[in-house]
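> This structure is in structure tokens; I'll ask about it shortly.
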Amino acid sequence: MMELRGNVGIGHCRYPTAGSSSCAEAQPLYTNYPHGICVAHNGNLTNTRELSSHVRENIGRHVNTESDSELLLNLFAEHLMEEQRAKSHKNKENANGSAASSAASTSSATGSSAEMAETIFAAMTRVMQQCRGGYAGLYLINGVGLVGFRDPNGIRPLVFGCRRADGSTEGGITMNVNGSHFNEHGIPQSPTDMDSADKTLDFVFCSESVAIDTLGFQLVRDVKQGEAIFIDLDGNCHTRVCHQQTLSPCIFEYVYFARPDSIIDGISVYETRLKMGEKLAERILKKYPEHDIDVVIPIPDTSRTSALQAAYRLNRPFREGFIKNRYIARTFIMPGQETRKKSVRLKLNTIKSEFMGKNVLLVDDSIVRGTTAHEIVQMARDAGAKNVYFSSAAPPIRYPNIYGIDIPTRKELIAYECEEEEIAAKIGCNWVVYQDLTDLENSILESSFIGPDKKMTQFDTSCFSGKYVTGEKIGDAYFSHLHEQRNDKAQQQRRKRGNENGKDDSPAPKRAPVQSNDGCESVANDKSTPLKPEQFAAPCEPLSNKPTGVAR
């Protein structure tokens, strides 16, 4: 990363959950007015129809794609421009017509770093008040700096870290935040003079703390719910809670998405998964006190931690019965049911000696569509298992997630209107046991907290409970619209409709930047144009499965 040109960059690892898989929607997305702004975004907006109409009809911006990320980009760009105009107008009114003051007012669109921070935070407040859903993201503003932001409920994760410009973190770091001094843990400091603050710091924003560790940065903290953090080009850090509700992180991050060595909102993912395994084992013992389980086998990789603790609590041996092909991606996030089914056996292979003649308990992190579970149970039987029992470290998934997980319709979910006995029959096992939702929540709440104070009291559990923390009344019309966009058939049709603008899953041909109706450069511009060193840099390498941004 240090070899990349420039001093600011953002990147994004793609997992489409809204819009399509079109390469025209690949992030970062870009608009050239004002300044030139890029966005990288993780999550879903739930009021996209309303916002899309507003962007087109009320503010006159052309929307090139179906991506909600482009709406976030255009709304912020418009509000930033309006806030700058309002400040410029106010400065002109205060100038009383003097030439010197008038000259000063003409440059006020950029202004000092503190003034720009106020303008950005005012624009972010308006964005957060307009946009409903779960989102975390980054704005890169050409010639200005980098903005990290998180939705008012903190549904999607975002963390930030820092290091000295020479790459070191030893001896403690003092940051200049909003004109005051803090150490790398966010604790206020009282230096004797300004020279005691580290003035040449690199900053990084990531969806997971492991990416910060990999890059050699010091984790500062999670971005708060409803908070925006602005890093200017001089390395000053400005923060503001713009629009805040109760912290309600997505519980599925702890169950499935996050790496076990990540820390989300001050809580170790690894520790929560240990507790999930222990509580799952207690539930199995309660339902089947006279069980005949011989061995506990995880479905790699996410469930390994929970399976290990479950085996310990059940007093049964833990064995690796499946070997994972590291070159096959996670099947849950693959596009298309047939693709997911075919990939299970390519992804996993059995160690037959661990199954032959045994009663095996398989532990998975969750059961979504049942595709993987059915294939795995059959593989266990083919390997010679006498009986196959299946357990899920998560409760039954019965509702769509609308905040950034690709579960668009209830009919896709195996637990939709089915109880455990029916699910066991469908996936072909002897019995199935799910985690209890309260136990899942307590697995996280009872884990050790890393930070100055513990603020988490609730979660977004919508895929288990059907309760959506943003308060919308999500009806059938909304889910039907999602299904029309994201079902397998619709995605296949989009891929077949590929054209010269690159709106399929193949790379778009090289061409000059396309101008939209309002004069803004479209997101399908030619990315091969070399950037000047003084401009914002080539994107940094994305090390997480979500947005990553670096300011140096």
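Glycine residues also receive a Cβ, built from the backbone N, Cα and C atoms like all the rest.
Okay, so TrEMBL annotates it like this:
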- 1-234: domain 'Glutamine amidotransferase type-2' (DOMAIN)
- 84-110: region 'Disordered' (REGION)
- 94-110: compositional bias 'Low complexity' (COMPBIAS)
- Thr302, Asp364, Asp365: Mg(2+) binding site (BINDING)
- 484-552: region 'Disordered' (REGION)
- 498-508: compositional bias 'Basic and acidic residues' (COMPBIAS)
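Any idea what these are sitting next to in the structure?
DSSP assigns Thr302 (Mg(2+) binding site) to coil in the three-state reduction, placing it in neither a helix nor a strand. Cβ neighbours of Thr302 (Mg(2+) binding site) (same chain, under 8 Å, six or more residues apart in sequence): Val255, Tyr256, Pro260, Asp365.
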> Given the binding-site residues Asp364, Asp365, which one's Cβ is surrounded by the fewest other Cβ atoms within 10 Å?
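It is Asp364 that, of the binding-site residues Asp364, Asp365, has the fewest other Cβ atoms within 10 Å.
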> For the recorded Mg(2+) site, whose residues are Thr302, Asp364, Asp365, find every other residue on that chain with a C-beta no more than 8 angstroms from the centre of their C-beta atoms, and list them by sequence position.
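Sorted by sequence, the hits are Val255, Tyr256, Pro298, Ile299, Ser303, Ser306, Val363, Ser366, Ser392, Ala393, Ala394.
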